[in-house]
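Feature annotations, courtesy of TrEMBL:
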- 13-450: domain 'Major facilitator superfamily (MFS) profile' (DOMAIN)
- 79-100: transmembrane segment (TRANSMEM)
- 137-160: transmembrane segment (TRANSMEM)
- 172-192: transmembrane segment (TRANSMEM)
- 236-257: transmembrane segment (TRANSMEM)
- 269-289: transmembrane segment (TRANSMEM)
- 301-323: transmembrane segment (TRANSMEM)
- 330-348: transmembrane segment (TRANSMEM)
- 423-446: transmembrane segment (TRANSMEM)
- 460-484: region 'Disordered' (REGION)
Amino acid sequence: MAELKNLRSNTLTLVLVNIAGIMEKADETLLPGVYKEVGEDLHTDPTGLGSLTLFRSLVQCLCYPLAAYLSARHNRAHVIALGAFLWSAATFLVAVSANFTEIAISRGLNGIGLAIVTPAIQSLVADSTNDSNRGTAFGWLQLTTNFGSTLGGLISVLLAETSFMGIPGWRISFHLVGMISVAVGILVYFLANDPRFVDSDGNAKDQPPPPPFQEEVRQLLKEAKEVMKVASFQLLIAQGISGSFPWSALSFAPMWLELIGFSHKSTALLWTLFNVAQSLGALFGGTMGDVLAKHLPNSGRIILAQISSGSAVPLAAILLLLLPYDPSTTLIHGLVMFIMGLCVSWNAPATNNPIFAEIVPERARTSIYALDRSFESIISSFAPPLVGILAQHIFGFKPIPKGSTGSEEIKTDRQNAASLAKALYTAIGIPIAICCFFYSFLYCTYPRDRDRARLQLTEETGNASSEERQALLENDEERLVSVS
């Protein structure tokens, strides 16, 4: 009976955590979906629009150390609820902002709440799985968060062309997501449980008195230093910095589709199709990662990541550079976007997130996920403004002149679509190729780091036999000899 109660509690917690992930992504993707309308409303060019995402991302990455501290030392369900309350408050501020500066400040504040949530969610999923099913679990997590991206994009794009009592539709979308986020935060706070704070019978555990704040910070810094010394972590950060750059740059994709001439509904349909494909691809990639890891434990996950990242280069070229800029080609654009989304979304659930959980002790998982998000976000946050700069100053993006006729506006939009497409491919093709290259070094470092983490765990818990410990030590020695 107690086991059934505990199972129900864990299931409810994972469901609520995934719902929180949905709303986090929905909130994050609201603004890119209405770049065109916000730009027209506030008279802002693509560089300015990209800088709005930059402000939010910079604040977000600076707050990941705070997220690591909160998730490592406090109830992670409560941390997720706190993040939901913070990002929803900032989302309401965006909805009532009257100028560019106010929106920029509000988006910066929004990054605080978004930063707090991610490491808590990822470490909860990692702690509730094992090496044989962790990829599938992260695949489901990415599927649900991609649904959030789809939801945010649909809400913003479909409401963009409407108004209510004189309030522009893009502002209504921010109000709507803010209200739903508050409700989700309340549910998570009262109904979700952190297994570190609940025993196998579903009862609250007695917590030891917390150490002094200075001692907690010192322990957290020591833990972070240990994580950063792991070679596989360094390589995953290197590939992640370049690999996350294209995803951040894709925030301009809805604007690019609208410049081609697709209607709001067609743009919403295409972007939804892309996100659905990403979701299915993430689940497929995560499951295949688990399968390959059983048959090729030292290389299976890495092979899958290189296939996924390598396929992005030609697929992005077809989508952005080869397809005609014609709004009548919805079918072919949708097909290419679906194939691309299906193939390029394997890395995180199949490789990165499971490997992060394997190369450090369980106690350091929150830190490794927080450090990953921090390092990757610092660089990838510059992608949207870089795309804007490339489009305007390198590839010839020009605002529509005042007094232009309808045909002149259409011609300018098509030219701007071509400029933006070239800028997007520059920000996608080069970084993703670098990402694929960095994965190659993991063939040497990952098996060694994984076995060392396992050995450290057995020494701390004493759950392994002397034969198992000796086998892990011999594996390390064999790899060191082969490398030398």
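Keep in mind that glycine also has a Cβ here, set from the backbone N, Cα and C atoms.
Between the transmembrane segment (137-160) and the transmembrane segment (269-289), three or more CB pairs separated by 6 or more residues in sequence fall under 8 Å, so the two stretches touch. Beyond its flanks by at least six residues, the transmembrane segment (330-348) meets 138, 142, 146, 243, 257, 262, 266, 269-270, 273-282, 284-286, 288-289, 304-305, 307-309, 311-312, 315-316, 318-319, 323, 432, 435 of its own chain at Cβ-Cβ distances under 8 Å. Taking every recorded stretch in 79-100, 236-257, 301-323, 423-446 and counting its Cβ pairs under 8 Å to the transmembrane segment (172-192), the highest total belongs to 79-100.
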